[in-house]
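This report concerns only the one structure given below.
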């Protein structure tokens, strides 16, 4: 509710640019990227599900990541394209909260699945003889289920915290989607508790998984250095090169966006930069895994 007590019904999404002449270009660019993201990740899912050679823990997690990436981009891009096509900036209050909920949900799932995949590579390289025993179907399913549960609880908490806020008359969001931090900044009521929870969950759901990923790769690199032959070291490292590339791209763009926004203090620059981890990273993931992975390439060819 706004500060005057009346029920608000909508927000205005200002998008990436106010220039009318750029709207057709932005529309064409994002339609192309969205279609490439959806079809690229669908091909990964199809390849993994149709090829029995890919029914392993590594590709089980990869197919889940591809599904989450499709959902992740679908929470923001279709609404943005619809607003450009209809020349409207409106998103309903309910639609904004719903979009925020699913965006946080799938962003959290991305982070957890990348962490689980790092653990999978650690077991595969450092404990190859016990890999299939440790990474059994029950554990793999449990890890994915736990990722969903933690992501759902986190997004539910964040969304409920926004519902308790009162908003002023200025309801313009300088972004192309309902980004949590931008919505909270529009509130007239006290946002201290929201900020505390936001920083706490950011530390818990970003820093802790990143620490787990770094620990896994420190163990992997330590193990690889102990392999006597250069060919053996290359073969061991090549099994995790694709995942390492995806992790670097996702965390690099995510941290870059939020670190740059604290320095530059430009909402337009932040919105433009956030395209990197919301659209570009999910679009590039299928290319990274297919170009650097012979098993996926063979499955796609078949």
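In case you wondered, yes, glycine gets a Cβ from its N, Cα and C as well.
Outside the transmembrane segment (25-46), and at least 6 residues removed from its termini, the chain residues within Cβ reach (under 8 Å) are 15-17, 62-63, 66-67, 69-70, 73-74, 77-78, 80-81, 84-85, 279-280, 282-283, 285-287, 289-290, 296, 300. Under the heading transmembrane segment, TrEMBL lists 25-46 (among others).
TrEMBL lists 40-289 with the feature domain 'G-protein coupled receptors family 1 profile'.
Annotated transmembrane segment per TrEMBL: 58-77 (among others), in sequence order.
Annotation source TrEMBL lists transmembrane segment at 97-119 (among others). Note on the transmembrane segment (97-119): residues 58, 61-62, 64-65, 68-69, 71-72, 75-76, 79, 91, 143-144, 146-148, 150-152, 154-156, 158-159, 162-163, 177-180, 183, 205-206, 209, 212-213, 216-217, 243, 246-247, 250 of its chain, located 6 or more positions outside it, place their CB under 8 angstroms from a CB of the stretch.
According to TrEMBL, the feature transmembrane segment maps to 139-157 (among others). Only residues 6 or more beyond the boundaries of the transmembrane segment (139-157), in the same chain, are considered here, and those with a CB under 8 A from a CB of the stretch are 57, 60-61, 64, 101-102, 104-106, 108-109, 112-113, 116, 119, 197, 201, 205.
With a cut-off of 8 Å between Cβ atoms, the residues of this chain six or more beyond the transmembrane segment (196-215) that come close are 108, 111-112, 114-115, 118-119, 150, 154, 157-158, 161, 180-181, 184, 247, 251, 254. Among the features that TrEMBL reports, transmembrane segment is placed at 196-215 (among others).
Through the fold, the transmembrane segment (236-259) approaches residues 110-111, 114, 117-118, 121, 124-125, 206, 210, 213, 217, 220, 223-224, 227, 270, 273-274, 276-277, 280-281, 284-285, 288-289, 292-293 of its own chain, all at least 6 residues removed from its boundaries and within a Cβ separation under 8 Å. Per TrEMBL, the feature transmembrane segment maps to 236-259 (among others).
Distant neighbours of the transmembrane segment (271-291): 15-16, 30, 33-34, 36-37, 40-41, 43-44, 62, 65-66, 69-70, 72-73, 76-77, 174-177, 179, 242, 245-246, 249-250, 253-254, 256-257, 260-261, 297, 300; these residues of the same chain sit at least 6 beyond its ends, with a Cβ under 8 Å from one of its Cβ atoms. Annotation comment: TrEMBL describes 271-291 (among others) as transmembrane segment.
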Remote residues contacting the transmembrane segment (58-77) - C-beta distance under 8 A, at least 6 residues beyond either end: 30, 33-34, 37-38, 41-42, 44-45, 48-49, 99, 102-103, 106-107, 109-110, 113-114, 116-117, 120-121, 124, 140, 144, 176-177, 278-279, 282-283, 285-286, 289, 295-296
